[in-house]
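Please read the structure below before turning to the comments.
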Amino acid sequence: MAKEKFVRTKPHVNVGTIGHIDHGKSTLTAAITKYLSLKGLAQYIPYDQIDKAPEEKARGITINITHVEYETEKRHYAHIDCPGHADYIKNMITGAAQMDGAILVVAATDGPMPQTREHVLLARQVEVPYMIVFINKTDMVDDPELIDLVEMEVRDLLSQYGYPGDEVPVIRGSALKAVEAPNDPNHEAYKPIQELLDAMDNYIPDPQRDVDKPFLMPIEDVFSITGRGTVVTGRIERGRIRPGDEVEIIGLSYEIKKTVVTSVEMFRKELDEGIAGDNVGCLLRGIDKDEVERGQVLAAPGSIKPHKRFKAQIYVLKKEEGGRHTPFTKGYKPQFYIRTADVTGEIVGLPEGVEMVMPGDHVEMEIELIYPVAIEKGQRFAVREGGRTVGAGVVTEVIE
């Protein structure tokens with residue numbers, strides 16, 4: 001049987017449900033697919049299928065994530081849901097499934113809880129740009145003023161972490177009532193679900209496609225071609241490249257080399273242009289083979305700089321996940337795998353009051369590399385020691 005072709009007729013947007021355990025994230029995900037299945041825009045995925053999320057690996061870390069897809073009249077959505085709190089943290093830090101917007105689920109019976117706050121903080125740090133709130137289980141609260149109070153608390157919480165708390169759409173409803181409702185899409189139990197989908201369509205803008213961002217390609221390999229010059233190969237991370245374009249070679253020192261790409265090739269054929277996602281070779285004008293190496297990046301002039309020091313949120317693998325068996329302190333020196341660069345770095349700063357970091361923790365720390373690498377906020381990386389992954393991180397702030 002031939003694979004079904006993915007037809008791009010509607011803009012594609014990645015979303016996910018976040019929030020405290022048992023506040024109804026998976027039930028809401030099920031309710032969305034049920035409602036849209038009645039309109040012929042999705043396949044219904046029941047709660048028990050969402051809850052037993054399959055395992056996947058990202059940067060050497062195992063994460064349980066459920067992916068569902070559905071459409072509205074306007075868009076195609078890929079929606080992620082994680083069963084466990086640790087899975088959310090690992091997903092956000094590794095960027096296994098990136099989100100253009102998040103649906104924060106808060107139970108009206110509880111209001112914001114510790115994990116609510118933690119998920120919002122992480123969403124801010126990894127730059128999830130838009131947030132929509134679904135106040136769930138409203139059928140279990142008799143006094144509407146209590147729901148108003150929960151809404152105020154959630155708006156305050158979002159504002160605290162840099163989201164526009166006053167503007168964020170807040171929808172009230174019961175995901176369970178929608179899941180249990182009859183199969184008539186006009187039934188009133190589905191109204192909040194439709195409101196939520198309208199908010200997603202209208203409040204989360206179409207994401208900027210990777211191909212429209214400034215060009216960047218991590219260098220994987222370098223070859224010398226007699227009579228032609230030096231070729232660097234890699235997978236284009238973002239943007240586009242055409243013969244004649246000026247680029248910079250960045251990383252491994254503070255010196256930035258400028259050059260021109262004279263030819264772009266894929267499978268030994270010359271291309272008019274390489275775009276995000278393509279594996280290409282770029283022929284560089286006037287660059288010797290020993291002037292460029294794996295771990296550097298080729299980038300649009302002025303778009304990224306080399307740095308040694310940065311702050312990052314790091315998830316430290318548990319022993320059971322193949323991580324360290326013992327805690328570490330300031331001064332710990334593992335390897336950092338940043339794009340194609342593999343560089344030693346030192347933990348030079350931990351949060352106030354944190355003396356040691358235990359396997360299973362996630363902590364913001366300051367890192368100093370032994371040489372500069374092309375780094376920017378939101379950059380994901382792996383932490384390795386003795387040939388095994390011991391952690392995963394995301395850059396939250398570049399220092400120098």
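A Cβ is built for glycine as well, from the same backbone N, Cα and C atoms used for every other residue.
The structure displayed is predicted, hence computed values, not measured ones.
Swiss-Prot lists 19-26, 81-85, 136-139 with the feature GTP binding site, giving sequence analysis as the kind of evidence. Here Swiss-Prot flags S26 as Mg(2+) binding site, drawing on sequence analysis. If you look up Swiss-Prot, you'll see 10-208 marked as domain 'tr-type G'. Per Swiss-Prot, region 'G1' is recorded for 19-26. According to Swiss-Prot, the region 'G2' annotation covers 60-64. Under the heading region 'G3', Swiss-Prot lists 81-84, citing similarity to another entry as support. What Swiss-Prot lists as region 'G4' is 136-139.
Projection of Swiss-Prot feature records onto the structure.
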{"residue": "G19", "record": "GTP binding site", "Cβ neighbours (10 Å)": "26"}
{"residue": "D22", "record": "GTP binding site", "Cβ neighbours (10 Å)": "14"}
{"residue": "K25", "record": "GTP binding site", "Cβ neighbours (10 Å)": "27"}
{"residue": "S26", "record": "Mg(2+) binding site", "Cβ neighbours (10 Å)": "24"}
{"residue": "C82", "record": "GTP binding site", "Cβ neighbours (10 Å)": "25"}
{"residue": "H85", "record": "GTP binding site", "Cβ neighbours (10 Å)": "14"}
{"residue": "T138", "record": "GTP binding site", "Cβ neighbours (10 Å)": "20"}
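Beyond the ends of the region 'G4' (136-139), by six or more residues, the same chain brings 23-24, 27-28, 105-109, 147, 172-177 to within a C-beta distance below 8 angstroms of the stretch. Across the structure, H85 (GTP binding site) and the residue listed as 'Mg(2+) binding site' place their CA atoms 13 angstrom apart. Under the three-state DSSP scheme, G19 (GTP binding site) falls in the strand class. Shown for the region 'G2' (60-64): DSSP residue counts in helix, strand and coil, namely 0 helix, 4 strand, 1 coil. Look at C82 (GTP binding site): DSSP puts it in coil. Here the region 'G4' (136-139) has, by DSSP, the following mix of helix, strand and coil residues: 2 helix, 1 strand, 1 coil. Under DSSP, K25 (GTP binding site) is assigned to a helix (H, G or I) in the three-state scheme. Confidence over the region 'G4' (136-139), given as mean pLDDT on the 0 to 100 scale, stands at 97.
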